[in-house]
Amino acid sequence: MAQAGPTPQQAIARLRAEIEQHNIRYYVHDDPSVPDAEYDALMRDLQALEAEHPELVTPDSPTQRVGAAPLAEFGSVRHAVPMLSLGNAFDEEDVRAFDKRVADTLRGAGLLGLDQQVEYFCELKLDGLAISLCYEEGRLAQAATRGDGQTGEDVTANIRTIKGVPLRLHGAPRVLEVRGEVLMNRAEFERLNRTQAARGEKVFVNPRNAAAGSLRQLDPRITAQRPLRFFAYSWGEVHGLPEGMPTRFDEPAPGVRVASTLPRDTHGGMLDWLAELGLPVNLRHNHRERGADGLLAFYERIGKLRADLPYDIDGVVYKVDALPSQRVLGFVARAPRFALAHKFPAEEAVTQLLGIEVQVGRTGAITPVARLAPVFVGGVTVTNATLHNEDEIRRKDVRIGDTVIVRRAGDVIPEVVGPVLEKRPADAREFVMLTACPICGSAIERPEGEAIARCTGGLFCAAQRKQTLLHAAGRKALDIEGLGEKLIDQLVDADRVKSLADIYSLTAFELAALERMGKKSAENLVAAIDQARRPALGRLLFALGIRHVGETTARDVARHFGSMERIMDASEEALLAVPDVGGVVAGSIRRFFAEPHNREIVEQLTQQGVHPQAEAEPEGTSLAGKTFVLTGTMPNWTRDEATRRILAAGGKVSGSVSKKTAYLVTGEDAGSKLTKAQELGVPVLDEDGLKALLGL
């Protein structure tokens, strides 16, 4: 007799459980367990079954995330436990004062010995929107914004659309209130803005603004289309632990035992427990530290990683780890005494756009630059910021006289994010692109299909000449130590250097007469120039500054042809035979050497005694064709040394991780590249692993 198949109720339960597990793997552990297509197929199966059996649909089904009607307005929610803000620290003195207050209080309560240091749980301060999730009997019952800390807005319908938020928890207490942050990854934010711009809709200023705007949509269907994420970092109400979970007792003072409503006795332990329930918790960079020195070391370490994280943070948070100690420390006004937010220097600030000028780059690219009223942002005072190109200015609707938001992240060049429209003055002026180069007067043209306008003056343009010479003297090209920007400015302005070949005719006598150049410095520079008379062919090709020809491409072309003469005479078809050289690069090289003036420069270099050396073939072929990506700081090798060794063995080095990456080589403070490699299944090596691969 054939065995009966599962009932619709059993099939629906199985599909829900399977989808729930996939959601946990993806959103909690950042470890997708099935391809997107397979996940989508499971959802379709569940939707079909529920359509056939509507009586079996429950509010916590994965299919019920979207579907609520648009709201007229958000209701109010009174927080059972206030959502307090944290006290802030902005410098080392603030952190040390906080640690001393905590230690003194705990010693006074008999919870810390005189020779002991306080143990803290350190976390990232996510730059998103604070949210409270209330689960009743394991089901998501309500979600609310922080609001004023006492009362927030009911955003339950919108929170339900975020796939990383579990609609049901297994093994949860009767009532569990979870606090956390809703945010948007930077890459997803950029994609959203591109979509918004393509539709002619408003673009967002930053990921936080996008997350807040998405969550406060009255129509949950719009929120469902936005790439929001949620991370839990604390809790509020907790009542009715599951049966079988033993009662735990705290000792808030020596000899005093109090029954606890919580299953763990440390903050870190509670976060682990929330993760075990299936909630997304951002545990990766969290760490326990002791004393003020430990806190400051954590702050510095995270500061170095900040630019590589996939999401924005605006600081770190220190919390006394032991929950009994937290209770003894208590609260003051609107903030806990046991926690502190240590802010990074602001990455965004507001200032006035005084004017827009244009800069001319090495290839003639015209870049609009904002002249700003001085503003302190990202740890430095900023007076200039990039506006990228004319299209970006139009897209952002930035006008001279506007109050604008300026962003500076890590070592990234400051940029104008957008205007504060409500502060726009009546006399704000739109930017008009110049038609002639401000340096040489040549026509400015914008090639069809490109966003960048360019000066047509070539090396006749002093600005292009300066940037070309600076590029050629750089470490990855001819590596002429001592030939920097200020010296090149003097040489070009004096009309002493008109082309790269003129560098090789400089004498110590004339150099010594220049500003800030003594006899010894001049002699050292001439010696460095002499050393650069026998560069590797690939370095010289890269030094010429041919558009679209980077360091690696120049080396590959040099190895393929073996001499400058053969490269200069190569047809586009011959250039396309070089591995990884496509039509754009081949066409660019061909056009460069079709220009008589450029061929003349190569001839002048030869006359000055510059004789490029053929590129050495790889020492072995063990890594032939394999692409490596480097991240973090290695204990012994510099990144340049590791790159040189990989290239010598026939490998390639790229700046970003993709499916084509053969290995990711990591050092200390590896950032988002490591996460991407793990997502794609790219093998990860440390320095020793790389050495072993190289046979060293």
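Yeah, the Cβs are placed from backbone N, Cα and C, and that goes for glycine too.
Here Swiss-Prot flags Asp36, Ala37, Glu38, Tyr39, Asp40, Ser85, Leu86, Glu123, Arg146, Glu181, Lys319, Lys343 as NAD(+) binding site, drawing on sequence analysis. As annotated by Swiss-Prot, active site, N6-AMP-lysine intermediate applies to Lys125. The Zn(2+) binding site annotation in Swiss-Prot covers Cys437, Cys440, Cys455, Cys461. Annotation source Swiss-Prot lists domain 'BRCT' at 618-696.
Features recorded in Swiss-Prot, as mapped to the structure shown.
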residue	record	Cβ within 10 Å
Glu38	NAD(+) binding site	10
Asp40	NAD(+) binding site	11
Leu86	NAD(+) binding site	18
Lys125	active site, N6-AMP-lysine intermediate	21
Arg146	NAD(+) binding site	19
Lys319	NAD(+) binding site	21
Cys437	Zn(2+) binding site	23
Cys440	Zn(2+) binding site	19
Cys455	Zn(2+) binding site	27
Cys461	Zn(2+) binding site	20
**Message:** Between C-alpha atoms, which of these recorded positions comes nearest to Cys461 (Zn(2+) binding site): Asp40, Leu86, Lys125, Lys319?
**Reply:** Lys125
**Request:** Could you state the whole-number distance in Å separating the C-alpha atoms of Cys437 (Zn(2+) binding site) and Arg146 (NAD(+) binding site)?
**Result:** 52
**Item:** Environment of Cys437, Cys440, Cys455, Cys461, the listed Zn(2+) site - residues of the same chain whose CB lies within 8 A of the CB centroid
**Value:** Val360, Gly364, Pro438, Ile439, Gly441, Ser442, Ile444, Thr456, Gly457, Phe460, Ala462, Ala463, Gln464
**Prompt:** In angstrom units, rounded to an integer, how far apart are the Cα atoms of Leu86 (NAD(+) binding site) and Cys440 (Zn(2+) binding site)?
**Reply:** 56
**Asked** Counting distance between Cα atoms, which of the recorded positions Lys125, Cys440, Cys455 is nearest Lys319 (NAD(+) binding site)?
**Response** Lys125
**Item:** Secondary structure at Lys319 (NAD(+) binding site), reduced by DSSP to three states
**Value:** strand
**Message:** Whole-number answer please: how many Å between the C-alpha atoms of Glu38 (NAD(+) binding site) and Cys440 (Zn(2+) binding site)?
**Reply:** 60
**Prompt:** Which state, by DSSP, holds Asp40 (NAD(+) binding site): helix, strand or coil?
**Reply:** helix
**Asked** Between Cys455 (Zn(2+) binding site) and Arg146 (NAD(+) binding site), how far is it from one CA atom to the other, in Å?
**Response** 52
**Prompt:** Do you know offhand how many angstrom separate Cys440 (Zn(2+) binding site) and the residue listed as 'active site, N6-AMP-lysine intermediate' by C-alpha?
**Reply:** 49
**Message:** Measuring Cα to Cα, how far is Asp40 (NAD(+) binding site) from the residue listed as 'active site, N6-AMP-lysine intermediate' in Å?
**Reply:** 33
**Prompt:** Roughly how many angstrom lie between the C-alpha atoms of Lys125 (active site, N6-AMP-lysine intermediate) and Arg146 (NAD(+) binding site)?
**Reply:** 16
